[in-house]
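Each remark here refers to the structure printed beneath this line.
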Amino acid sequence: MKDRAGKWEKFDGQAEKYYPAATFELFHATTAVHVISAVQTLLIAGFVVIYFAMEAHGFFILKNYFRLVVASVATLYLAGIVAAVFGAYLERRHFLNIQILVLRSLMLFADIIALAIILIMAIGNRQKWIEAIPTHFVNAKQFYGLLGPFWMYLGAISLHITVAGNMVFQKVINGCIKYFEDKEQAEA
């Protein structure tokens, strides 16, 4: 493996660069994938529990559609987590790439929804039919009572924060892929 000056350097699997900052540099890249996979599993479980609690309290009008979206997102997320765990354990980059593809797809989906919410808020003041869109899907009075007048913005911000969290997970997985690439080059 070459360093920045173009000189060959010896591969050190325990080098500092293989300890991601996202796990406070406590875990090696391969172990960090397992740690973030556990964190992701807890987060998706929390997401599902919160959704069903909100559904039980009447926050959502079209429950069947929302359940389908929640089930799809949770299934994709869990499939990506399983792929990442197997990728780290078996040292297979393509499994880790599956998780990156899933994360990027879900990040794009979340940001598109966040942008749509912001556009509804921005244009809704001028067009009454656009302002009425959220009331077809959610109980606006329930959300207003819980989060106040800026509940739609808070929802969009929450989606964007979810994207930022997924970027952290993606960085750890990219670090593990880099470790496997460097290891393969050293063994070749």
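Cβ atoms here come from the backbone N, Cα and C positions, even for glycine.
Summarising the annotation, TrEMBL assigns transmembrane segment to 32-53, 65-89, 101-123, 143-169.
When the stretches 32-53, 65-89, 101-123 are ranked by Cβ pairs under 8 Å to the transmembrane segment (143-169), first place goes to 101-123.
Within its own chain, the transmembrane segment (32-53) has Cβ neighbours under 8 Å at 19-20, 22-23, 66, 70, 73-74, 77-78, 81, 84-85, 87-88, 96, 165, 168-169, 172-173, 175-176, counting only residues six or more beyond its boundaries. Beyond the transmembrane segment (65-89), the same-chain residues lying 6 or more positions past its ends with a Cβ under 8 Å from any Cβ of the stretch are 30, 33-34, 36-37, 40-41, 44, 47-48, 51, 55, 95-99, 101-103, 105-106, 109, 137, 173, 176.
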